[in-house]
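Asker: Structure provided below as structure tokens; questions to follow.
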């Protein structure tokens, strides 16, 4: 079968080509913001439009185009949707066994203030999960926990998506940074150092931003000491670990340091006014706490599903475990690799997106045991045994989880179908090249390339795999540091996570907002654009003024 070469400028004018390439994305924005379509409807129509652009404008062969859509849809089911199914199952086990009431009480005993609960659960615990697992699990788990604590589901999902900005670049044991190094031949350690000199600024800003969203300027004034402790300790640990240890552990170290510092601080300090959403006043919370006291053993038992989850996900993420399932590993036979018919190595990526013409691999990996979702399922099984849940109740709970998540799973599949047709047709690369044509202003627009990549794929890792090489090439053309531009792709990417259709679908699934994706998208989109502009300003200053910050 002939190799089909991607053409990134079919119109003969990069700006006109990029305008046509952007049609599916513009429709998706319009469908969610103005038409207020349900997520699965918007995603389905977006795939249809992307297919039309790929076939009619890019002249992609029909079999390649359809194969990329099917490949993307199944990738959405496994491993992405599998993570969400397992994560929601763990949460439901906690609720069904009555343990979540104790979890709620234990958090309330640290602080009844929901602004500070957001810092503890959404930020610290979420960052830890991002460092260990990534790929949607942190938002799903923390948003569900916050709903259980009395948060409005839309706010819980939206705030968790926004606060997840801080740890994404170093997520899943630093995979985004490591991939950026692999595709650019740059030192991953240096890229990690550079990201560690950009993200700490954004981390503290994001936490103050969250307080303002929740409770306005009054909230910022009342919580700033706690924000400085949580954000400051995280930012310092993030800088030190990324610059002196490596890109694998900044999230794990920073989140634990921040959690310990914040918890100890809240033993001594509480805001003057206790903030809660809705009508539940501080006095009612205090009365609830006064009536219910749990032993340390009861609290540890209640938290056991999430302790098991943390342990299994961390075990699954460490290099020796991963090496077992890598090519040449002892358990590599457990991984089922299926080359995608009519697509695998039948599409060629072309310069300047890559250094030389490269056949685009398309191999569907069914890693039934080594997938993160399976690690979370093991945590669920351990929880069932430890909490003495009846097998019939566990099976019923798993069944209800699948039933509730049926539409979100379809949405996630269609979102990934759109991402894959965009990548294999060259549509996403056309948009990237248009941004790279902005000349010396590219330092400002560079993070938008990472933002675009994460919007399309839902992953900072995938964004770097797509665009890091292009960032390095553009940097050399305009005479700025390639390490800085590749780092900007990573840092800019974190700001796109909160509006990625994949992330939106996952968050809605976790908090029971199926069909309300348009509401959540409208909640996060302005914050995403503002943060990306901030990263653009930081990157430009580092490129032309603060050059001493570049390793």
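In case you wondered, yes, glycine gets a Cβ from its N, Cα and C as well.
As listed in Swiss-Prot for this protein:
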{"type": "TRANSMEM", "residues": "13-33", "note": "transmembrane segment"}
{"type": "TRANSMEM", "residues": "37-57", "note": "transmembrane segment"}
{"type": "TRANSMEM", "residues": "69-89", "note": "transmembrane segment"}
{"type": "TRANSMEM", "residues": "131-151", "note": "transmembrane segment"}
{"type": "TRANSMEM", "residues": "159-179", "note": "transmembrane segment"}
{"type": "TRANSMEM", "residues": "194-214", "note": "transmembrane segment"}
{"type": "TRANSMEM", "residues": "245-265", "note": "transmembrane segment"}
{"type": "TRANSMEM", "residues": "306-326", "note": "transmembrane segment"}
{"type": "TRANSMEM", "residues": "366-386", "note": "transmembrane segment"}
{"type": "TRANSMEM", "residues": "405-425", "note": "transmembrane segment"}
{"type": "TRANSMEM", "residues": "438-458", "note": "transmembrane segment"}
{"type": "TRANSMEM", "residues": "530-550", "note": "transmembrane segment"}
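Just tell me what is around each of these and how deep it sits.
Answerer: Sequence-remote contacts of a segment are chain residues at least 6 beyond its ends whose Cβ falls under 8 Å from one of its Cβ atoms, and for the transmembrane segment (69-89) they are 47, 51, 133, 135-137, 140-141, 144, 309, 340, 343, 362, 364, 366-367, 371-374, 376-377, 379-380, 397-398, 401-402, 404-405, 408-409, 412-421, 458, 502, 506, 509-510.
Beyond the ends of the transmembrane segment (159-179), by six or more residues, the same chain brings 118, 122-123, 126-127, 130-135, 138-139, 142-143, 146, 151, 188, 191-192, 195, 199, 202-203, 206-207, 209-210, 213-214, 234, 238, 242, 246-251, 254-255, 317-319, 459-461, 463-465, 468, 490-491, 493-495, 497-498, 503-504, 507, 520, 524, 527, 531 to within a C-beta distance below 8 angstroms of the stretch.
A Cβ distance under 8 Å defines the sequence-distant neighbours of the transmembrane segment (194-214), meaning residues of its chain 6+ beyond its ends; these are 114-115, 118-119, 122-123, 155, 159, 162-163, 165-166, 169-170, 177, 220, 223-224, 227-228, 230-232, 234-236, 238-239, 241-243, 247, 250, 275, 483-484, 486-488, 490-491, 494, 527, 531, 534-535, 538-539, 542, 549-551.
The list of residues near the transmembrane segment (245-265) in space but at least 6 beyond its ends in sequence, with Cβ under 8 angstroms from a Cβ of it, reads 110, 116, 119-120, 123-125, 127-128, 130-132, 167, 170-171, 173-174, 177-178, 188-189, 191-192, 195-196, 225-226, 229-231, 233-235, 237-238.
Long-range contacts of the transmembrane segment (366-386) within the same chain, counting only residues at least 6 positions beyond its ends with a Cβ under 8 Å from a Cβ of the stretch, are 78-79, 82-87, 89-90, 93-94, 133-135, 137, 301, 304-305, 308-309, 311-313, 315-317, 321-322, 324-325, 331, 334-338, 394.
Only residues 6 or more beyond the boundaries of the transmembrane segment (438-458), in the same chain, are considered here, and those with a CB under 8 A from a CB of the stretch are 25, 80, 136, 415-416, 418-419, 422-423, 428, 431-432, 464, 466-467, 470-471, 474, 478, 480, 484-485, 488-497, 499-503, 528, 532, 535-537, 539-540, 543-544.
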Asker: Mind pulling out the one from 13-33, 37-57, 306-326, 405-425, 530-550 with the most Cβ pairs under 8 angstroms to the transmembrane segment (131-151)?
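Answerer: The stretch I would name here is 306-326.
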Asker: Restricting to CB pairs under 8 Å, which listed stretch, 306-326, 405-425, 530-550, is in contact most with the transmembrane segment (37-57)?
Answerer: 405-425
